Each structure stands twice: as C-alpha cells, then as structure tokens.
Amino acid sequence: MSKVNILSLLAKKQNQQKFAMVTCYDASFAQLVEKAGIDAILVGDSLGMVLQGHDSTLPVAVSDMAYHTACVSRGCHRPVIISDMPFGSYNTTEQCLNNATSLMRSGAHMVKLEGGSWLCDSIRQLNRAGIPVCGHLGLTPQSVNVLGGYRIQGREDSQAKAILDDALALEAAGAALLVLECVPRKLAAEITSALKIPVIGIGAGNETDAQVLVLHDLLGITEKTARFVRNFAEGSSSIADALGRYNDAVVNGSFPADEHSFD
Ligand SMILES: Nc1nc(=O)c2c([nH]1)NC[C@@H]1CN(c3ccc(C(=O)N[C@@H](CCC(=O)O)C(=O)O)cc3)CN21
Ligand SMILES: CC(C)C(=O)C(=O)O
Ligand SMILES: [Mg+2]
C-alpha cells in the first residue's frame, strides 16, 4: 500500500470514500494502526490526559509532542502523521513557525492547530515554510477554561454560523484538513459539503469525510468516555482486530451511529 498524503486524502473526499484517523503516541501502537489499514495518525495532545494523567491538555509541552511524534514515526511508514501543536505553542506567528518546525523535524507530516480565522496568518506562513496544516473547530479542548467544560458547540444559529465562517476562512488560508469536534450532525454535514478539504469528525455525526477517535477510548481502557465513543475491543479478539474493526466501521459508514452523535 502506498503512503498516504494530503493529495490521496483529498482524492478520497472527491470520490466519496471515507477514511479513519486514530490517535497514537508510540511505535508499537503505530505498527498496529498501520497494519489495520488506518490512513491517518494523530499524535494528539490528548496524551496529556491519557498518558500523563492530567485533567486537561493544557500542561502538554512541545517537547512532549516532539518525543511522541518521533516514537510514532519509527513505528509506521504508510499513515500520514499529524501532530497537535500544544496549548501556548502558537500564540504568535513566529512562535508557531518555530514550534511547528520542531514537530516536523520529529517526523510529523502536518501539524494541527485549534482555533478560527485568527490563525490564518500562521497557516499561510506554515504553508510557505513547507508545513501543511489541519484546523480544529467546534469543541477545542485547549479552550476548556473559556468554554466552561467539554460541551457540544454550535447549537445556537449564531454560533453555528461562526463555526462555518471560521471553517471557510481556514480553508481559504490554506488548511489541508479540518477536525470538527462535538458539533450537531447537521452543522457538520453543512460544513463538510461547503468545504473542498476533507473534514474529520469526532462527535460530529456520520456525514463528515472521515472520523477520529482517541486510541485508548476505542480500546475501552478510558475510565469515563464521551457519548461519541464506541468500544471496539468489545467482541474483538485482539487489539489489532479492534483497530481493524474501527477502520472497517468508519470506511463502510456504520460508525458513528445515531447514538454517538448530537442532534
Ligand atoms: N480520552 C480522551 N478522549 C477524547 O476524546 C479527548 C481527550 N481524552 N482529551 C482531549 C479532548 C477532551 N474531549 C472531550 C472530553 C469530554 C467530552 C464530553 O464528556 N462530552 C459530553 C457532551 C456534553 C454535552 O452534551 O455538551 C458527552 O456526553 O459526550 C467531550 C470531549 C475530547 N478529547
Ligand atoms: C480528540 C482529537 C481530535 C485531538 O485533538 C486529540 O486527541 O488531542
Ligand atoms: Mg488535541
């Protein structure tokens, strides 16, 4: 199987083929993710919660992200590797460019930033420096203290329009992918059809171009999980089997079901 990249993912959207992404933080799991046929790996700052035991993603450092990105990149060859820029690492365009460069040098193929149109200058600069960008809108966990909790976003019409406008702005600035987290499925469907770039949902319903889940959530080893999680270890014979069933369920459209989505 040939390497996944931004063009092959864009082609999947154009051909209406869904693809899966999963978070991953080390070489052993990266090898299993690759064998399961999963196209995209997110080295998520969720590692602050699932690996480090913090109650938010805020304490995660760029050096943590670089370390886990390097671990993942040694374990796989085919999937595209996207690394989260952690809280406080992209407050200015210069800081953003320097920290993104360090993640790319560690083995990332793309970086992900949480936020809207205010990131457009940074996105243009990253692209000019050879760094593709994935946006992240809706529930942006690095803003949990501003949002007042991990809550669904975009329920009111004015907020839904703001998220759509931000999505269009990020695409126009050159974002290659967009993650949409915890928004009503109708809004996610609207944004997915308004954008040319692939939209990857988590708690965003079944009509996005792709899905992402946190590895530990889909393996059933997270203590308390959100509504959008399905435990793929249940009824699987191994971790490899669970990852394969996750990929199949996303590609064939059976995950997420209504019970994993917000109206
Ligand atoms: N293990 C893990 N999984 C994740 O998906 C995840 C992390 N960690 N850490 C970073 C963020 C935090 N995330 C979260 C955490 C909790 C909810 C949650 O409990 N949501 C409620 C929705 C409440 C509402 O109705 O507004 C839910 O019931 O799903 C959602 C996303 C997603 N990310
Ligand atoms: C939940 C996903 C989208 C993420 O950003 C992470 O794992 O850090
Ligand atoms: Mg993240």
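The backbone N, Cα and C atoms fix where each Cβ goes, glycine too.
TrEMBL annotations: computationally assigned, not manually curated.
Listed in TrEMBL for this protein:
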{"type": "ACT_SITE", "residues": "Glu181", "note": "active site, proton acceptor"}
{"type": "BINDING", "residues": "Asp45, Ser46, Asp84, Lys112", "note": "3-methyl-2-oxobutanoate binding site"}
{"type": "BINDING", "residues": "Asp45, Asp84, Glu114", "note": "Mg(2+) binding site"}
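Of all Cβ atoms in the shown protein chains, 27 besides its own fall within 10 Å of the Cβ of Asp45 (3-methyl-2-oxobutanoate binding site). Just so you know, the Cβ of Ser46 (3-methyl-2-oxobutanoate binding site) picks up 21 other Cβ atoms within 10 Å once every protein chain is counted.
Other than the site residues Asp45, Ser46, Asp84, Lys112, same-chain residues with C-beta atoms no more than 8 angstroms from the centre of those residues' C-beta atoms, the 3-methyl-2-oxobutanoate site, are Thr23, Leu42, Val43, Gly44, Leu47, Thr57, Val60, Met65, Ser83, Met85, Pro86, His136. Contact annotation for binding-site residues (Asp45, Ser46, Asp84, Lys112, Glu114) versus ligand 1: Ser46, each with CB under 6 Å from a ligand atom. In this structure, the C-alpha atom of Lys112 (3-methyl-2-oxobutanoate binding site) lies 13 angstrom from that of Glu181 (active site, proton acceptor). The Cβ of Glu114 (Mg(2+) binding site) lies under 8 Å from the Cβ of His136, Leu137, Thr140, Pro141, Gln142, Ser143, each of which sits 6+ residues away along the same chain. Looking only at other Cβ atoms within 10 Å, the busiest spot among the recorded positions Asp84, Glu181 turns out to be Asp84. DSSP gives Lys112 (3-methyl-2-oxobutanoate binding site) a strand state. Cα to Cα, Asp45 (3-methyl-2-oxobutanoate binding site) and Glu181 (active site, proton acceptor) are separated by 14 Å. Taken residue by residue with DSSP, Glu181 (active site, proton acceptor) is part of a strand. Put simply, Glu181 (active site, proton acceptor) is 14 Å from Asp84 (3-methyl-2-oxobutanoate binding site) when counted between their Cα atoms. Among the recorded positions Lys112, Glu114, Glu181, not one has its Cβ under 6 Å from an atom of ligand 3.
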